Amino acid sequence: MGILKYDFLVLSLIFLIPGAIIFTLRKDLRTTIKKMSLISLPFALAEKLFYPSYWDPNFLLDLGNRIGFGLEDFIFVVSLASFTSTVYAFTFRKKYIKNNAEDSGLFLRRIFFISLFVIALIILSLWMTIPIIYSAVFIMIFVPLIIVFKRPDFLGPGFWGGILSAFVYFILCLIFGQIYPGVFVKIWNTDLLLDKYFMRVPLEELIYGFGAGFCATIIYPYIFNYKFGS
């Protein structure tokens, strides 16, 4: 079976495609992709919270069972961050315009605030035993909404970034489902959740795709002090 034995690796590589296309066609968005890829890397360590309660894929070297995460996690979060952070700007031909200059510590303060808030919400959701997929979506929507109170101009881009990301996410899942027929029933434990599908893709995945897009579209310009412009 070769590489096809490792379904999560194949999924992660499929998810690289949209970001690679955007990276190739929009030189001005390459910096965004690079920065968001780096920012996303620590979240690969949190992916262990999804196994095996939400899904149970095969890992290279069986690292998922050995240490709780694998190489695939890092590829996946980078892939996801690459297109969710840029699909809005790419589709609507928007650019990032620097806001008025602020002090040099702004970036670190905003990163610290967001990280602390996310950690607190993760701990709270684990304590309340909320399914991790719903906790993740809640965090990805709630944190940006807090930002929107200060930057209401981000609400529209965030919404459309979420819609576009969910659409791309859906297409990628369809491709994955063609390679592995019935995979979302065999590997995903959605019977413990909504257990609802849209064209054989779990609704949780589509909701997750929206949350990721809503979050990434807002987080990048916020922490780097940008606004969207034509």
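Easy rule for this one: first residue shown is 1, then count along the chain.
Glycine is treated like the rest: Cβ placed from N, Cα and C.
Per TrEMBL, domain 'Lycopene cyclase' is recorded for 133-222. Marked as transmembrane segment by TrEMBL: 6-25, 37-54, 74-92, 113-146, 158-185, 206-224.
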Distant-in-sequence neighbours of the transmembrane segment (206-224), which means Cβ under 8 A and at least six residues beyond its ends: 32, 35-36, 39, 80-81, 84-85, 87-88, 96, 107, 110-111, 114, 133, 136-137, 140-141, 143-144, 147-148, 151, 154, 157-170, 198
Non-local residues, at least 6 beyond the ends, that sit with Cβ under 8 Å of the transmembrane segment (158-185): 4, 7, 10-11, 14-15, 17-18, 83-84, 87-88, 91-92, 144, 148, 197-202, 205-218
